[in-house]
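As recorded in TrEMBL:
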type	residues	note
TRANSMEM	12-38	transmembrane segment
DOMAIN	16-343	domain 'Phosphotransferase system EIIC'
TRANSMEM	50-70	transmembrane segment
TRANSMEM	110-127	transmembrane segment
TRANSMEM	134-155	transmembrane segment
TRANSMEM	175-194	transmembrane segment
TRANSMEM	201-231	transmembrane segment
TRANSMEM	237-254	transmembrane segment
TRANSMEM	261-280	transmembrane segment
TRANSMEM	310-332	transmembrane segment
Amino acid sequence: MQELRKYKFGDFWNRLLSGVAMAIVVAVTPGAIIAPFITGLAKTSDFWLSIYNATNMGTYIVPVAAGILAASQFNFTMIEKASVALAAFAGSGSAVYSKGTWSLVGMGDLINTILVIAIAIVVIFLIRNYVGSFSIIWEPIICGSLIGAFGMWSYTYVHLISMTVGNILNSFTTLQPVLLCTLIAMSFAVIIATPLSTVGLAYAIGINGIAGGAASVGATACFMMVAVATYKVNGKGVSFAMFWGSVKMMLANFVKHPRMLLPIAVVGGLTGLTDSFIQVKNASEYAGFGQPVGPINSFTYMTGSVGTNILLLALIYFILPILYSLIVYLIFKKMPKLYCDSDWQVDLNK
């Protein structure tokens, strides 16, 4: 208990979220960057299919990796890390049991995963002095069975948060194009910077067509704004990772400094407003992705000149979001109450 008390409330959550964020980035980066470019090749040979499957497999280990890395932030032993991972996997909802078979359905609900990890970490702090050398027996049982079971129960209720957000987003699809694209792009730009899954939301509510395109454009707008904002304080490597969609690496920063979401929302809104005139489209299973997945799927909906279509996609997915991000960055830099460079600092050594 004394060991737990040395962590202040903010420090506890900052450590936990940093571990979860890094797990997400490591797990989904191969699929986000490599998979879109080898999708076609995967249909031509078993060799490329194996690479494609291995690349996308990372998504399924997010809860396990999150549990291990979050526990590592508190200097847990190997047994304790594995026990937290057991609880995280059970409570994530990433595995579904139906008709005698377990099926993996993605990374699950991140909010519930974070909740379960937090409970598991606190419980281990409370019991470690009592279990002693029996930790290899009691900690896996308590975390994997009891806390994991609690997570499976709480998943139903915590997942309602995602469903509520999804219903709000779905209501935007009834609006006229300018408002539809602006609000959806702004919403997805912000949501992708939270523990909520834009991919899961888009697929769950069936957002597609023009609305799906706006969602993808909005997610991309977030990537560009974060890439611009992190360049000065973190260097090229982190900025490059953000450009390709690793924004959940900043999860702890966003929670600690929610004002960071303001420039992201503005860039998302501006990009969505512009998209209301171009009106790119996307299927629901791709709408929650930004670039490079988004523009590739959008291209399949376009007709006419290939050159013109590529130019339009480059404009709405790359050129304009970067331009808007630079403008918004320069404007917000002049408002110290709303923007601070140190908010965007990422410590990769934690």
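Yeah, the Cβs are placed from backbone N, Cα and C, and that goes for glycine too.
What TrEMBL says about a protein is an automatic prediction, not a curated fact.
The recorded stretches the transmembrane segment (201-231) and the transmembrane segment (12-38) do not share 3+ CB pairs below 8 A when only pairs 6 or more apart in sequence are counted, and are therefore not in contact. Within the same chain, residues 13-14, 17-18, 20-22, 24-25, 28-29, 32-33, 192-195, 219, 222-224, 226-228, 230-231, 260-261, 289-292, 343-346, 348 sit at least 6 positions outside the transmembrane segment (237-254) and bring their C-beta atoms closer than 8 Å to a C-beta of that stretch. A Cβ distance under 8 Å defines the sequence-distant neighbours of the transmembrane segment (110-127), meaning residues of its chain 6+ beyond its ends; these are 1, 3-4, 12-13, 16-17, 20, 24, 62-63, 66-67, 70-71, 74, 76, 80, 83-84, 87-88, 90-93, 138-139, 142-143, 147-148, 150-151, 154-155, 158-159, 161-162, 195-197. Outside the transmembrane segment (310-332), and at least 6 residues removed from its termini, the chain residues within Cβ reach (under 8 Å) are 217, 220-221, 223-225, 227-229, 262-263, 266-267, 270-271, 274-275, 278, 280, 290-291, 294-295, 298-299, 302, 338-339. Residues 165, 168-169, 201-202, 207, 210-211, 213-219, 221-222, 225-226, 247-248, 250-251, 254, 260-261, 264-265, 267-269, 271-273, 275-276, 279, 288, 290 of the same chain, all 6+ positions outside the transmembrane segment (175-194), place their C-beta atoms under 8 angstroms from a C-beta of that stretch.
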